[in-house]
Amino acid sequence: MEEAYVNFLSINQKCPLQRLQLSGQQLDVLPRVKALSLADRAMFDRGMRAFVSFVQAYAKHECSLIFRIKDLDLARLARGFALLRMPKMPELKGKTFPGFTRTPLDTDAIRYKDKQREKLRQKMLLERQEKLKEPPPPRRSFIKNKSWSKQTTKKERRRKRSAKRKLEEGSDVEDEDMKELLDDTRLLKRLKKGKISKEDFEKQMASESGAEEA
């Protein structure tokens, strides 16, 4: 499919390409590159970043009809980048790669030749290990407190239903109920407009609830 991009560049971009003819015997440099990655973590990191950048650029290419990530041989690509293991990235999640053999060595044990970088890495590894040893924090049981505004809204709905029911039954709506309903509505509006603080709102609502219970 990628060969179609050559025609695309020639026709749409007026940029003809010529095939490069290889001459002589081709050398297999991948074992040498892998050896360099095992000897210095900086080389290992470069290979991983290069692979990730290539895959992400491929997936986001504007010519998605030509560059289809689902058709890309990721195992072969990883071998071409001389990777020691597959990186963790969204494009590889949930996939298996029978055509790629991971190194049996622990890649976390690969050290930086730069002593300062290695010292910092060892410190970070130690901190991560200590964090894993820590017991998980206990789960706190708590009661979800409903906001005062929601409580007041429900309170208003109950009183409105009560007033409506009394009207339908032919009963008189008590003036006290209407007064409390209007007071609660005004109080909530003042809170929403920022004319009173949440603390003042809660105090007034609490005193009103206490008066009702009494």
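Glycine is treated like the rest: Cβ placed from N, Cα and C.
As recorded in TrEMBL, the features of this protein are as follows:
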COMPBIAS  127-137  compositional bias 'Basic and acidic residues'
COMPBIAS  155-164  compositional bias 'Basic residues'
COMPBIAS  196-205  compositional bias 'Basic and acidic residues'
DOMAIN    28-91  domain 'ATP-dependent rRNA helicase SPB4-like C-terminal extension'
REGION    127-180  region 'Disordered'
REGION    193-214  region 'Disordered'
Quick one: mean pLDDT on the domain 'ATP-dependent rRNA helicase SPB4-like C-terminal extension' (28-91)?
93
DSSP residue counts for the domain 'ATP-dependent rRNA helicase SPB4-like C-terminal extension' (28-91), split into helix, strand and coil:
41 helix, 0 strand, 23 coil
